[in-house]
Every structure is written in structure tokens, then in C-alpha cells.
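J.: Just dropping this structure here.
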Amino acid sequence: MNEEVREILGGLDFESTKDVAVPERLIDQVIGQDHAVEAIKKAAVQKRHVMLIGSPGTGKSMLAKAMAELLPKEELEDILVYPNPQDPNQPKIRLVPAGKGREIVEAYKEEAMKKAQARNFLIFTLVFLVIGYTVLTNPGNLIWGIIAAVLILMMSRYFIPREDRNVPKLLVDNSDKVTAPFEDATGAHAGALFGDVRHDPFQSGGLETPAHERVEAGAIHRAHKGVLYIDEINTLTIESQQKLLTALQDKKFPITGQSERSSGAMVRTEPVPCDFILVAAGNLDALMGMHPALRSRIEGYGYEVYMNDTMPDTPENRQKLVRFVAQEVVKDGKIPHFDKYAVAEIIKEARRRAGRRNHLTLRLRELGGLVRTAGDIAKSEGSDIVRLEHVLKAKKIAKTIEEQLADKYIERRKDYKLFITEGYEVGRVNGLAVIGESAGIVLPIIAEVTPSMSKSEGRVIATGRLQEIAREAVMNVSAIIKKYTGRDISNMDVHIQFVGTYEGVEGDSASISIATAVISAIEGIPVDQSVAMTGSLSVKGEVLPVGGVTQKIEAAIQAGLKKVIIPKDNIDDVLLDAEHEGKIEVIPVSRINEVLEHVLEDGKKKNRLMSKFKELELAAV
């Protein structure tokens, strides 16, 4: 095996993922979330609630399912609902051991059937006797005999109660469950979560459906003695969160009709047991939308866990990613196994997507999508194993919407020349930004400086949504401009345009781009348009690290730029694949004067400006 590939695979030697053992228990399949796994294990033993907060695709739902497997084995129960003769609108609830519920219902049905058969036999015997008596005594009155028989049948239907009305309904059936129940109630409406009573269109005349037969269990009741999982818990209404809190506290919750206009609203069962463990999940914004009392309940009687987005790039963790690929193949069941070179490419992609030096991404759902796409390509080509070329093809196909939009963005901007890739321009810079979380774009920035229209102070005038970001960046830049150029911009209006602004561009990574454009506009020094740049900026002129440098560099390459300036602290975060390697010169910088040195056009103005920088730096030393 190639030594580089062996190193990427963490020292593992295998021919394909078929040789890699996949753990049977779900909890052992969780990768890179050691803290969360430990919390889940403790919560399962002690029956505590858990809240998992983190990015999508980091294993929250998998941990919740794993918890159901870990719960101590105890006697599961079936829940039956019976009619209440004293108050038909308050059906009775009864608990029996798992499996007994079906037996009881079948026994009641059998008994009801026997009674119905006996009743029907008596009624039809009576009907034949009436008709027979009429024919024998007075054949001319046969029609009246038939009418009498029909009346007897109708009266028996309306006035003799049906035997099946007393048959109980099996509300929760756990007869086929070996482990504790797991209920995913993500996105469930109130009726699906707390139970409901169906509407009865025929409410009289003997045609009505008994109240207990219309009762439907909710997810909280089906999760009795198991796990209730709710992702994006903040999407629940406050009213639903209050009900959920009541169910958590009382461990039982009655079922009633959820719609005021339904006849089911009049029905309210006895409290139905719902002794479940709640596993709530969501992103950081989920905390803002949670009912304070509900969060307090989880915090006081359970664990709060923040999921990792990345894990250290160590041989042990790379071995875990090898196992992850094997797990995905086994779970999917429709794609071939991967050879070692294909797995190595998946691990390289995990490094690239981490966006952080010496780390591997833990957004494994997205990485799993790449695995499945590569498997589909191999399958369509008739290959019995996934090879390196299949993964490389998959990387081009399995692009996110943001990446596809970024490709179209760059393509269209090229057509209309919205960004320039050669020559020199005053006050114009090719900045770099990220759309979403995985797609880079070139963001042309144009600055113009004019005398202030206000007698009191100058203004920062920027486009649309980027007004706030631009203002903040310029305020930081103003200190640098005053210090190094000797100009006071308080009596100037600074106009900044983000050309072809794309929705979703955020952050201050355009700070050095704005600073360069403004300094170029003030000093009248042209900027090299073959250079793109990204980086945050301190008021002291230090270039600070930013996120998504790999994606931004790839966007610069795609746009046809020759150089890219990035913060020096980000140099180890650059993980270009073979397709982009060596196609652009990457220049790491640590101060704004280094940026200007690389991008401003040579000449007297530049020399004069750079000499000011040197003088001030020497004075500071």
C-alpha cells in the first residue's frame, strides 16, 4: 500500500470496506461525539432527559435511537381504552403487560360475536314466525306481515345495543417490541403528539361511533417507558411546549379532541401513562424559542450536550472515518464496498470540509451523501467496488445548492464582466465570500470617496443588506487610514458598492478588501485585478483569520484569478484537491501593509504610502 494512503487511513491495511468490522450497537457506531455518548449512557441508566444542540448531520437522531437500545430492560405495557357506562365522554384507561392487550381485545371480540350471532338468530326467528303466522292465518295480509318483519329488524337495530360497543380499543401495542420504544415526533402537530379524538359525523340515531373507539394515542403515549425524540423543538408552539412540560412532570396525560369544532372535543379520557425520556434536539437558535420552564426541566433533570462539528485529525479518528464509510455501505445496502484509495479520498474530503487545520468534519450526513453518490456511480458503471475515480466523479455531481448557485454566479458574472481578472483599477478589489456553509464566490467591491455632504460628519454609504457589515468594517479601517495616510475621513463620504451582491453573504471577512478599496480610492493608487483577497482586520492593522478559506480559494481559481491573499493564520486550513492544486498563488499576510505591498500598482504614490507605513512601524518599535 502507498505510504501516503496508509497514513491517511490511520495505519489500517485492508482491501475494501468489506474487511472492516461494523459494530452492532448504534451507540458504538457514533463517531467523534465521545462527550455526548457518555452523557447518553448515563442518562439511559438513570432515565434522565437530554437536550442535544448542534449543527445538522452531527448524529443527534442517531444518539436518540441508540438511547432506546441502552435503556434498562423492564416490563413494557399495552394501553387499553374502555367505554365508561357512567360517562361515555370519559373513557377508562387500563394498563396490561405487553402482548396481553391483543389477547383481551380478541377475547372481547369473540364474546361480542357470539352474542351478536345469538341475537341475530332470535331476530330472524321472530321475523320468520311473524311472516309464517301471517301466511297461515290470512294469506291476503302477507304484505302487512312483511312490513311488520321490517319494523322488527329496524327496531332491533336502533333499540337493542350493539355488542361490539363494549369491545375495548388497543391504544398502544408493544407486543412486538424487544427493546424500549422510540418515537420520533419531529414536526408533529398537537394531535399527533398528545393524542386526539376523531370527529363523529353521525352523533345520534344509533349510528354514532362510541367515544372510546375514536380515541387515538399520541407520540408521548406510544413512547411510554421509552424515548421521545423531538428535533427542532423550538418549532413546537408555546402551548404544545407547556403540555409537553405537564406530561414530563405528571408522567401521564389525558387524550382529548384537539379541534374545538370536532365532536371529539367533548371527549376526555382518564389520564394515559406517558413515562418517557425526552431527547430534544436543535441548533443554537432552538434555545431562543424554547419555553423557559421546559428547558429548566431538562437542565434540572437531565443533561445538555453541545455536539462537536469537528474532531482532531489523528490516526485513531481517521480509522473511525474508515469505519464510517463501511457503516454507510452496510446501512444503505444498495451500493458496493469502497477500496482503500476511495476511502482515503473520502477522508481527504472530511479534512477539507472541516475548514479548520488538523481537524476532520463531523457533519457526517453530508459526507454520507458523497459516499452514496460515489456508490451509485460505481453501480451504474457495473463496478463491484467503489474506486477513487468514482469518488472524484461524485464530488463534481454531489454539490450543494449553494455550490451550484456559486458556479452559476461566477459563470454569469464572467459573461457580463462584473468582476475583472486583469489590469489595474482605482478603488476596485476582488473580495471573497462564502454562501451558506460550503460555497465560495468572488465578491467585487468598489469604493469611492467624496467630500462630505454633511457639515457635521462624513457617512458610510453601502448597498442593501451589507450596510451594517460595511459600516463596521469601515469604522475599523478608518483608524488605519488616519494613522498610515494622515487623512481624516470624518469629513468625507465613503461610498462602498458590493457589485452583484448575493443574498446570504455575511461576516467581516471582507474587511481587508474594503480597507484596500478605500485606501486605493483616497490615495488614487490602482489595485491589481488579478488578485483576490479575504481576511478580517483589527484597528491596529493586523490581518485576522476567517472561515471557509478553501472554498474561497476554489472560487478564485474558478473565476480565473492568479493570486489570492489570505490571513497567515489560515495557511494550514488550505486543503485544495488535486483538481485545484497549483492553479493559483496563495499569499499569506499578517498586516494590512503586506496586503497593500502585493496589490497596489508600483509607482511614486505607492512608494510614498509604503514609506509612511515603514516609518510608523519603526517609530512603534
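Yeah, the Cβs are placed from backbone N, Cα and C, and that goes for glycine too.
Just lifted these from Swiss-Prot, have a look:
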ACT_SITE  S509  active site
ACT_SITE  K552  active site
BINDING   G54, S55, P56, G57, T58, G59, K60, S61  ATP binding site
TOPO_DOM  1-117  topological domain 'Cytoplasmic'
TOPO_DOM  137-141  topological domain 'Extracellular'
TOPO_DOM  161-621  topological domain 'Cytoplasmic'
TRANSMEM  118-136  transmembrane segment
TRANSMEM  142-160  transmembrane segment
J.: Which residues, sitting 6 or more apart from S509 (active site) on the same chain, put a CB under 8 Å from its CB?
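T.: Looking at Cβ-Cβ distances below 8 Å from S509 (active site), excluding near sequence neighbours, one finds L432, A433, V434, T534, G535, S536, V546, G547, G548, K552.
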J.: Beyond the listed site residues G54, S55, P56, G57, T58, G59, K60, S61, identify every same-chain residue whose Cβ lies within 8 Å of the center of their Cβ atoms for the ATP site.
T.: L52, A281, M307, R363, R365
J.: Using a 10 Å cut-off on Cβ-Cβ distances across all protein chains shown, tell me which of the binding-site residues (S55, T58, S61) has the largest neighbour count.
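T.: Checking each of S55, T58, S61, the winner is T58.
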J.: Are there any residues at least 6 positions away along the chain from G59 (ATP binding site) with a Cβ closer than 8 Å to its Cβ? List them or say none.
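T.: Spatial neighbours, sequence-distant, of G59 (ATP binding site): V30, I31, Q33, A36, M307, L362, L364.
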J.: From the DSSP assignment alone, can you count helix, strand and coil residues within the topological domain 'Cytoplasmic' (1-117)?
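T.: Going by DSSP assignments, the topological domain 'Cytoplasmic' (1-117) contains 55 helix, 18 strand, 44 coil.
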J.: List the residues of the same chain that sit at least 6 positions away from G54 (ATP binding site) in sequence and have their Cβ under 8 Å from its Cβ, in sequence order, or write 'none'.
T.: K60, A281, N283, Y306, M307, N308, D309
J.: Fewest other CB within 10 angstroms, which one of the recorded positions K60, K552?
T.: K60
J.: If you count, for each of the binding-site residues P56, G57, the other Cβ atoms lying within 10 Å of its Cβ, which residue has the minimum?
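T.: It is P56 that, of the binding-site residues P56, G57, has the fewest other Cβ atoms within 10 Å.
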J.: Taking DSSP as the reference, which of helix, strand or coil describes K552 (active site)?
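T.: Once the DSSP labels are grouped into three classes, K552 (active site) ends up as helix.
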J.: Averaged across the topological domain 'Cytoplasmic' (161-621), what pLDDT does the model get? Just tell me the whole number, please.
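T.: A mean pLDDT of 83 is what the predicted model shows over the topological domain 'Cytoplasmic' (161-621).
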